[in-house]
C-alpha cells in the first residue's frame, strides 16, 4: 500500500519483514541511504549504509505501521516541516510509543538526532561527527567565481574534483537508465521538505512535479525523444508567471493570483522537458537586496542561517545553493541575480538586456529588467540561459540576434591546455576595489584575477569614470519606471481588492494594504521624479548618465574581452542588519547597477572564461570545506 | 408599454384599464412634444440661448467678441486587431469577450505594436499635409481610472508621428459659403480605454462594470490649431475629418459608435484682444450639428458673462453638451493642470520610418475630398453638387465610375443627387447597397441622351435597376421596347393607311396632326415604340411626296 502524505511516500510492504530506509541529504547534493532490516521473527537485523552513487531516494520507511513511521518522521524533522499532519505530534507522547517498538527503531531514533545535523550543517558546513566515519564521497563542490561567503580552509584540495553540470549529469543518468526522473524529482521534493523550514526559499511548491517526472520516464521508456532539460528540476522566481501556479512577486496585492499564461522563459523550459518545482521567494516586486522585503517570509542563507541570501532573487539563489533545485530563474534589474549568487555561493548569470524575453516577467523597471539564471556550475547557468534565450514576438524589446551555441564553451577539463585562456584580456574595474569595499572581497577578487593570470589571461586595471554616477541614476530610473509599472495593481481586475464605497478609497485601500513599505517608498520616489517640473532634473538626467556609462563600458570593452568586479562590496550580512537603513542597502548595489544601465554583457567569452576558471580552481579560499575521502 | 398593461391587468377591471391606457397615452404625446421642441431648436440654434435677451440685442453683444476654437479629434482605427495585442477590434461584442492578458494589463504582459497602426498614422498624417517624424516614440500617460487597465495610456507625447499640417474645407452655401484652411497641430497614435457600464440591475449596490473590449483599440488623435471661429466652421472641420478618414479607409468615422469623437476647446475674447480668454472644453458631442449648436450656445454664454462683467465666472472646466436641454453643463472643474507624468514607454522600441516607406504610402493615397471637390468644380459642377458628391466617398467613387464610362457629367450628378439620393433615403440604403452598377447608370444616361428611350421610361428603368439590378439593354428588351426602325416604320405605315382623312388634312397644311399620328402609333405599339425614332420616321412618311 502506498500512501502519499504531504510529499513523503510511506510504503507498507512485506509485513513479515521490517525494513527501514533513511536517506540523508547533504548540502553539497550527496545522498546516503541507510537501510535497516529486521525479519519477521526479529532474529536477523541488518543495517546498511549505501553509498551516494546508489542515487537519489526519498525519506522512506517501509514495512512499518503508518503511525509509527509518521512518529519517527515527526521526530526526525523539526515540527514545522511536517506538512498536513493528521497526527499531531503534540497529541501523543513519543516515549510511550517507543517503549513498544523494536530496538532497531531506537537506532533510527538515535539516527534521527543526527539527521538534524545535516540541516545544522547548512550553516556550519561541518558534517556530523558520527557520519564522518562512514564511507563517503563528495558528490559536488560548491564553488563559483564570485563566491565570497566562506573563508573556511579547504581540508584537502587535491581530493576536490571540479564541479559537474547537474543538467548534463541528469541527462546522462536518465538516458542510460541509471535513474529515473521520478526518483530525481522525489529526492528533490524530499530535500525541499527537509530544508524548507529553515531556509524558506519557496513561496509555493508545485503539486505536479512527480506527475511531470513520470511523464518523462514514460517517454524515455517508450524510447521517445526528450528535451535537453528533461527531468531538470528548476525553481522559478515568483515574479515570473507560471500558469496554474501562484505568481505573486512576493506581494500581498497579488496573493493567490494565478496567471493564465506561462512566461515565455517558463514556456521554453517546459517545452524542453524541465520541471518547474516551485516559485522562489524574493523581495516584493524585486525591490530589495536581501529578500527581507518579501511580504510572506524571510529566506535564510544556506551557508549561515542567520544571514541574508541577498536579493531580490534570494530564494532562487538559496534554493540552488541548498540543492533544492538544480538550476533556477531569477530576474536582475540592478543586481538581483549577481548579488544573491555571490551571497549564496552559486553561479548567477545576468544576460544582456533583450536576450531573454521579458514576457511574463512582472515589470519592475522595464528598461533594466532581465531574466537571469542560477546554477551550481557555470555550465548549468549557461545551458539554462541558452534554453530561455531568443527573440520573442510577444516582447518587442527582445533581441533578434541569433542565440549562439554555448555548449562549445564548456569543454571538459582533460582538453584544457596549460594556459587555456591564453591572450584573453581581462579588465579589473578599479572603482570596484576602492574604498568602501570589504578587504576580504578585495583580496578574493584579486586572487581570482591572479588565477586568471595563471590561466593565461592578461589582467589589467581599467577605470570607468562614470562608475559612481550609476547608483543614483539607477535608483531614479528604476523608481520612476516602477511607479508606472505598478499602477496596474489597483485591485480592479485581479489581486486583492478592498471593498470601498467610492473609487479613490478602493484604490487607496487596495494599494495601501497590498504593497509593502519598500514598494511604497519606491513608488513615491518614482512618482516624484516623473512629476512635471522634476522630469528634466531627474529622469532625463539619469538617462543621460546612462548614455555616459554605456560609453565608458564600451571604451573599456574595446580594450578588454571581459571585465571583472566583485558582485557586492561585502559578503552576506546578517538578517535585519540593513533593514532599517535603506540607503546602506541601496549602496550595496553599487557594483551591479552600472551593468544594467549599460545593458551588458556579451555572454560567449564570459561563459568560456567562467567555465575554465571554475574547472581549474584548486585549493582556493572560497571553496566550501569538504571532507577527507575516507573510502 | 400598453401591451404589457393588457397582459398584466385583469379584463374585468375595465375602468381601471382605460385610465391606465389614457395615462400612457398622455405620457406618449408629451414625449412627442418634447421631441418636436428639440427638432425646432435644431433648425434655429440661436433661440436656445438664454431667453431674456432679444435676438437683436444678443447679436449686438456677440458682435464685439471673437471665439477661438480648437478641436481634438479621436479616430478609432478600423484595424482588424487592437493596437498592442492580437485581440479582434470589433464594435458591439458582448462585454469582456475580446480581451487578453495584454489589453487587460495582467502582470507580465507586454505591448507589441501592430504595424497597421503606424500605417494608418502615416496615411492620415500625409492626408493632413503634415510633416512626419521619421523617428517617433511612445510615451505613457499616467492616471488612475477603472477603465484604464494598466494605470497608464500608451500614447505619444513630445514626438508625435505627424505634425504641422492643415486641412482645407468648403463652408456650405447655406452657412455663407467660402473656403477655409485650418491648421493641424499634430497627429499621434494612442490606445483607447475600456468602457464603464453602470449596473442598472436595480439593486442598491452601485456596482460599476468595466468592459475592456475597447481597451487597447488603436486611436489617432488629431489636434487642430485654434483656427475656428464659429460653430459652423468647427462642424465643417469635423465633417472634413470624417470624410478624410473614410476616404483613407482608416476608420468608419461613425460618431454614434464613438469611432470619431470630437472634444472642443473654446474661449472667447473681445475683438482686438491678442491674448486668449479662459478655455472651456466641451465633450459628449455625438453629431456635427450638436457640435455646432453646442459651440454657439457656449459662445453666447461666455459673451453674456463678459458683457455682464462676470468674466471671472468663465473658468477652466469640462462641460457636457446636454442634447435634451440644448445647453452645456459643467461636468468637472479642472483644479490646476493634471500631471500625467509622461515618460517614454520602455516596453516599445522607437517607431522608425524609412523615406521609402513614407513614399510608398504617399503613392498609395487615394484622391482626397479637397482634391475631388476642386476637380468636380473644374468639371463645371456647381458648389452644391460638388459638396454633395464629394461628401460621401462611396458616392464620389460611384460618380467617378459613372463619368469614367463616358457619361455626361451634369446628368450623372443630377441622377445621383435627385432620384438615386431620394431612393437611398427612402430605402435607408447606402450607395454600395444598390444593384445598379455605375456602368449601367452610364448606359442609361447614354440611352436617354441618344433618345433610345424617353426620360420617363429612363426613370422607370432606373428604379427597377436600383432595386433588382440587370442591364439597360435587358430592361429595354424586357419592356419590349421597339427600337428597330423597320418595326416602327411598319406600325407607322399601318396608322397612315388607316387614317387617309387625317393624312390629307396634314398634307394640306394642318401639321398639328403630327401629334395625332404619333399618339396612334404609340397606342398601337402599346407605348413601346421609341419616341425619337417614331417622330423621325413619322415625319419622313407624312412629308413623303407620292
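Along the chain as shown, the residues are counted starting at 1.
Glycine residues also receive a Cβ, built from the backbone N, Cα and C atoms like all the rest.
Remember, TrEMBL labels are computer predictions, not curated facts.
Marked as domain 'Amidase' by TrEMBL: A:183-605. If you look up TrEMBL, you'll see A:237, A:312 marked as active site, charge relay system. What TrEMBL records for A:336 is active site, acyl-ester intermediate.
Features per TrEMBL, on structure.
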residue	record	DSSP (3 states)
A:237	active site, charge relay system	strand
A:312	active site, charge relay system	coil
A:336	active site, acyl-ester intermediate	coil
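For the pair formed by residue A:312 (active site, charge relay system) and residue A:336 (active site, acyl-ester intermediate), distance between Cα atoms is given as 5 Å, rounded to the nearest Å. Within its own chain, residue A:336 (active site, acyl-ester intermediate) has A:282, A:283, A:286, A:289, A:311, A:312, A:313, A:330, A:372 as residues 6 or more apart in sequence whose C-beta sits under 8 angstroms from its own.
Proximity of residue A:237 (active site, charge relay system) to non-local residues of its own chain (separation of 6 or more, Cβ distance below 8 Å) is seen for A:279, A:280, A:282, A:313, A:315, A:316, A:328, A:329, A:330, A:331, given in sequence order. Residue A:312 (active site, charge relay system): 35 other CB atoms within 10 A of its CB, across all protein chains. Averaged across the domain 'Amidase' (A:183-605), pLDDT for the predicted model comes to 91.
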